[in-house]
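Asker: Got a structure here, written out as structure tokens. Questions coming.
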Amino acid sequence: MPTVDDILEHIGEFHLFQKQTFFLLALLSGAFTPIYVGIVFLGFTPNHHCRSPGVAELSQRCGWSPAEELNYTVPGLGSAGEVSFLSQCMRYEVDWNQSTLDCVDPLSSLAANRSHLPLSPCEHGWVYDTPGSSIVTEFNLVCAHSWMLDLFQSLVNVGFFIGAVGIGYLADRFGRKFCLLVTILINAISGVLMAISPNYAWMLVFRFLQGLVSKAGWLIGYILITEFVGLGYRRTVGICYQIAFTVGLLILAGVAYALPNWRWLQFAVTLPNFCFLLYFWCIPESPRWLISQNKNAKAMKIIKHIAKKNGKSVPVSLQSLTADEDTGMKLNPSFLDLVRTPQIRKHTLILMYNWFTSSVLYQGLIMHMGLAGDNIYLDFFYSALVEFPAAFIIILTIDRIGRRYPWAVSNMVAGAACLASVFIPDDLQWLKITVACLGRMGITIAYEMVCLVNAELYPTYIRNLAVLVCSSMCDIGGIVTPFLVYRLTDIWLEFPLVVFAVVGLVAGGLVLLLPETKGKALPETIEDAEKMQRPRKKKEKRIYLQVKKAELS
């Protein structure tokens, strides 16, 4: 009996219907960007210092410039105005309203040396050096409360983790289209509610809800488009779907620049989700899923609709459907299957580490850029541009060179770029940006490679389980990354880059221990997967020479 792939060969593997559907789902992919990396703009932390009652009035009376006001009233500023923990989180215990204070050096009358003046934590809020607003400036997520910004982003990734597993199961149980529309609706409503949140706690709840459904919706969109196209187009369409995410990065930078208020920015990036609800009339259910649920009549109706859209017709001989998988006895996948045999166990551990590393470096580099960059909008835009050549490199090398070497090199390039950035002087900003973009391109290639190779190393009956379990480390990485970046920068601004360099270089080395999958059929059994080892040419040649030598003697 024919499969969906057999029918698509006759009615079009990537014709008008698939192109229209891809365009619609690509919009969904781009709209996921603000949730995944929006913390750069929503959680932007500008320079700040304690608000002290009476300072503004004294500054106005004395006619100080902003720089003079900071120099006279803020502790811990360096000679060039460098910020520190003291300047941002501590204040002089001085009554600035007293009339005896001098305009030239107001603290000289209180102590011969400023370092002898008592300090105390900020009690009256902060003054932020920015014309816009972020969740940091509105809810004062600085100093003793800075961990609350880490929690904000980590909770999104907790939602990613739970939603990808739970909603992924529901999509297999109740259908792709239904779950896609539900995730879009919840994402849209919770996004609007977050924009009007009265306090930090409610904002946290609604952001978690967005995380719970948004990544799951992105994954369902990925599954849908790959199930609508023919076998020969799946990999290319999958890469292009991720390129749409990159386009979303570029658009996000422009929207964030135009809307420096975080609430308006949140509204702007959320409202398009309501338009995606129109997909109810534009995108049908996956015929492959319908067949797997023994709903062949509905599947054939959709297939005929696709054929009509493509200007084709379904041959009568192909109108009896069967699932792509064998309908005989099926093995039940088990988590133990991922670690029971030596080669698969090695694959599982290396892939889990690489998923974790890809997430930490990808999100971490973006977050660090928001802290260290001079212009976060331009830096974000430039670093997003390098994801286009990253996708081109993958398409160019994956079937020519293979998976293993480009993947290993990309990890090592990302790690080396992070390490090099530590030693580049601040006055060579152009070089810092160039090296940062190189690192971003490297980790982008690694991220997309691990998505592909993960499915190619496991036998059929545990393939989905293996991808699910290994990729869950991606969300674990996303949970720890905010704490890693924001806390380590409190110690030293470049400290996170050193950590990124180490984990990236280790990941590249571990990839070389995996077998090459280029040109190899997908393993069907445990035995097939266990035999996917690199050819040991040198050892075989040595044995051959020893045999010939023995024959001659």
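Each Cβ is built from the backbone N, Cα and C atoms, and glycine gets one as well.
Okay, these came from Swiss-Prot:
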- 1-21: topological domain 'Cytoplasmic' (TOPO_DOM)
- 22-42: transmembrane segment (TRANSMEM)
- 43-150: topological domain 'Extracellular' (TOPO_DOM)
- Asn71: N-linked glycosylation site (CARBOHYD)
- 151-171: transmembrane segment (TRANSMEM)
- 172-177: topological domain 'Cytoplasmic' (TOPO_DOM)
- 178-198: transmembrane segment (TRANSMEM)
- 199-210: topological domain 'Extracellular' (TOPO_DOM)
- 211-231: transmembrane segment (TRANSMEM)
- 232-238: topological domain 'Cytoplasmic' (TOPO_DOM)
- 239-259: transmembrane segment (TRANSMEM)
- 260-263: topological domain 'Extracellular' (TOPO_DOM)
- 264-284: transmembrane segment (TRANSMEM)
- 284-288: motif 'Proline-rich sequence' (MOTIF)
- 285-348: topological domain 'Cytoplasmic' (TOPO_DOM)
- 349-369: transmembrane segment (TRANSMEM)
- 370-375: topological domain 'Extracellular' (TOPO_DOM)
- 376-396: transmembrane segment (TRANSMEM)
- 397-404: topological domain 'Cytoplasmic' (TOPO_DOM)
- 405-425: transmembrane segment (TRANSMEM)
- 426-432: topological domain 'Extracellular' (TOPO_DOM)
- 433-453: transmembrane segment (TRANSMEM)
- 454-464: topological domain 'Cytoplasmic' (TOPO_DOM)
- 465-485: transmembrane segment (TRANSMEM)
- 486-494: topological domain 'Extracellular' (TOPO_DOM)
- 495-515: transmembrane segment (TRANSMEM)
- 516-553: topological domain 'Cytoplasmic' (TOPO_DOM)
Asker: May I have the DSSP-based helix, strand and coil counts for the residues of the motif 'Proline-rich sequence' (284-288)?
Answerer: 2 helix, 0 strand, 3 coil
Asker: Compare 211-231, 239-259, 405-425, 465-485 by their Cβ pairs under 8 Å to the transmembrane segment (178-198) and return the stretch that comes out on top.
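Answerer: Highest pair count goes to 211-231.
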Asker: Near Asn71 (N-linked glycosylation site), how many other Cβ atoms are within 10 Å of its Cβ?
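Answerer: Neighbour count, Cβ to Cβ under the 10 Å cut-off: 13.
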Asker: Mind checking how the topological domain 'Cytoplasmic' (1-21) divides into helix, strand and coil residues in DSSP?
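Answerer: Grouping H, G, I as helix and E, B as strand yields 14 helix, 0 strand, 7 coil.
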Asker: Look over the recorded stretches 22-42, 349-369, 376-396, 405-425, 495-515 and say which has the most C-beta pairs under 8 A to the transmembrane segment (211-231).
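Answerer: Looking at each of 22-42, 349-369, 376-396, 405-425, 495-515 in turn, the most contacts to the transmembrane segment (211-231) are made by 22-42.
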Asker: Is the count of Cβ pairs under 8 Å between the transmembrane segment (465-485) and the transmembrane segment (239-259), pairs 6 or more apart in sequence, 3 or more?
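Answerer: No; fewer than 3 Cβ pairs under 8 Å.
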Asker: Would you confirm whether the transmembrane segment (433-453) and the transmembrane segment (349-369) meet the contact rule of 3 or more C-beta pairs below 8 angstroms, pairs 6 or more apart in sequence?
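Answerer: With 3 or more qualifying Cβ pairs, these stretches touch.
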Asker: Hey, which of 151-171, 349-369, 376-396, 405-425, 495-515 has the most Cβ-Cβ pairs under 8 Å against the transmembrane segment (22-42)?
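Answerer: Selected stretch: 349-369, with the most Cβ pairs under 8 Å.
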